[in-house]
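Remarks on the structure that follows.
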Amino acid sequence: FALQVSHVQSADILSLPLVELTRRLQEGSLCPETVLYTYIEKALEVTQQTNCLRHFIPECAEQLQEIRRRKEKGLLYGIPISIKDHIGHKGHLSTCGLVQFLNAPVQEDSVLVKVLKRQGAIPFALTNVPQSLFSYDCSNAIFGQTLNPLNHQKSPGGSSGGEGALIAGGGSILGIGSDIGGSIRLPSSFCGLCGLKPTSDRLSVWYTCLLKVDAGSCPLPVPCALGPMARDVDSLALCMKALLCEEMFRLDPTVPPIPFNEQVYLSSAPLRIGYYDTDGYFPLPPCMRRAVRETRDALRAAGHELVPFAPPRIHYVMTELFLKTFFADGGHTFLELFTGNIVDPGLKPQMNCYKIPTLGKKLLALILKPLVITVVSICRSVSNMWKHQHQITAYRTEFITMWRDLRLDVVLCPVLGPAFTTGYPGKLLTAISSTMLYNVLNFPAGVVPVSRVTEADEEELKLYQGYCDDPWDRTLKQAVTGAVGLPVAVQCVALPWQEELCLRFMKEVETLHRGK
C-alpha cells in the first residue's frame, strides 16, 4: 500500500484526534483504506517494540469493502479499532492466555463487534492479555510479556494491557477492553490514556470468552463490564454514543435501551464533587495522592463545589465482598483453569497462595495482611452464597445513601499507579482496592491522566512507609520506583447508569489539566 500511495503523510493521520479523523472520513477528505493501512503499519511497529498484539485480523480488508458498499456511513465510519483478546471475533481465538482455548475459534462475532462493524468501524487487531485475565500485568505463556511503550522496564497494566500498550504507542486510535477489578482503568493509568468502565450491562458482554472462563469463579455480584480506551475523553464519548444504538438493543435485549445522552455530556453546570486521596486500605505512592489534591484545587478554582468524602469499610469490601466473589471455593475452580497450562511467572505468587491448605491459610491469616484472609473466607454452602450476595447489596445501599446525604454529583479519587515494573503486579493483588471498589458497587468509573511523575515525587517515595512498613508496603515502593516522566492519573466516578455524567466530569478534569 505504501508503494502504491507514496504521498500519504502517515504522521499527519496518526496525529488526528478521533473526532477530527471521523469528520474527515465522513466528508471524504481521507479514505478509509489510507487510514486503515496507516494504523496497521504503526501497530506493527509498536508491537515489535512491546509485544502488544496477539495478531492482526485479515478480515479487516473485507470490512473495508463492506463499508464502502453501504449507502449510510455509521458514526465510526472507517475507524480502525483494536479489541482485547477475549472479545469474540468470528473465526479467531479468544484464548485468555490459556492453552485449552487454542483450538476453539469463535463461531460468531460478539454483539459489541457486530455493533462496531454496523457503525462502520474496522476491527483490525486482537491484543494481548495476562493468563486467565486475573492479573493487572500483561503476560502469558503463549504470547509472552507485553511492555509499556513509555518505558520498557514497566508493565502496561492489565488485564487490558495489550490495548493500553497499543493505543499509548500510537498503533490504535480506539480500543475495547474489559474491567472486573480495574482492567480498563489500570492500563489507562499505567499508559497515560483515558478509559471508561461503564455500569455492567450498559454495553453488551454477550459472546465474550470471559463468560466461560469465569462461569465458575465469578458469579454475578461483581460483574464484568466492557468499555472504551482512547487518548482523550471525547473519543470515549463518541464510542459510547456509537455503541448505544438500536442495533445494540436489538441484538442483546438484556441491555437497557438507553441511548447516549449528549445533553448531559455537553453540560457546563457546576458540579458538587466528593473527593478523597486515600481509601484507608492500601496507601498509594505520593504522586497519585498529589494528583487528586491538584485536581481538587483546579476544580474548585473553576467554580465547582468540592466536598470531603470517605468511602466506608474498604477493608471489609476487599476481604469479604470482592475477593470472596472470585474465590468462594477457596480458589479451586480458578486452579482448574491451569490444568495442562504452564503457569506464567507473574501469576505464580497468587497461585502459590491458593494452593496452601486451609489450615495453613488460617495460621498465616493470624500474622499477615488480609490477602490471606480472603482466601480463607470460603463460602462453602448455598446459604453462605446467598448471604454474600445480600452483603454486597447492603453495602451498595449504604454507599449510595452516604452519596445522597452529601448531595454529590460525582466523586474524584485516586487510581493505582504509576506504572509498575514488570513482574510486580502479581505480588500485590490487594493494591487494586482503589479500582475494585467500583466493580463491587457497579458504578461507572473512568481514568484521566493529569500529570507526570517528577523528581520530587521520586524523592518523596524514598520516605514512603505505607501504613505498616511491612513487606507489601516495601514491595509497592519497589514496584513504582524509577517512574520519573511516566503518567499520573485520577479516577472519576458517577452513580449507576450515569456514564454521560462520568464522561462529562472526566472531560472537565482533562480540560483543566490540558489548559494548565
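Backbone N, Cα and C atoms are what each Cβ position is placed from, and that goes for glycine too.
Taken from TrEMBL, the feature domain 'Amidase' applies to 35-503.
For LYS84 (active site, charge relay system), the number of other Cβ atoms no farther than 10 Å from its own Cβ, over all displayed protein chains, is 30. The feature active site, charge relay system is assigned by TrEMBL to LYS84 (among others).
Annotated substrate binding site per TrEMBL: LEU133, SER159, ILE180, GLY181, GLY182, SER183, in sequence order.
Summarising the annotation, TrEMBL assigns active site, charge relay system to SER159 (among others). Over all protein chains present, the Cβ of SER159 (substrate binding site) has 34 other Cβ atoms lying within 10 Å.
Taking a C-beta cut-off of under 8 angstroms and a sequence separation of 6 or more, SER183 (substrate binding site) has the following same-chain neighbours: LEU133, TYR136, GLY158, SER159, SER160, GLY177. Marked as active site, acyl-ester intermediate by TrEMBL: SER183.
Calculated from their C-alpha atoms, the gap between GLY181 (substrate binding site) and LYS84 (active site, charge relay system) amounts to 16 Å. Most other Cβ atoms within 10 A: among the binding-site residues LEU133, ILE180, that distinction falls to LEU133.
Mean pLDDT, taken over the domain 'Amidase' (35-503), works out to 91 on the 0 to 100 scale. Distance between Cα atoms for LYS84 (active site, charge relay system) and GLY182 (substrate binding site): 15 Å, as a whole number.
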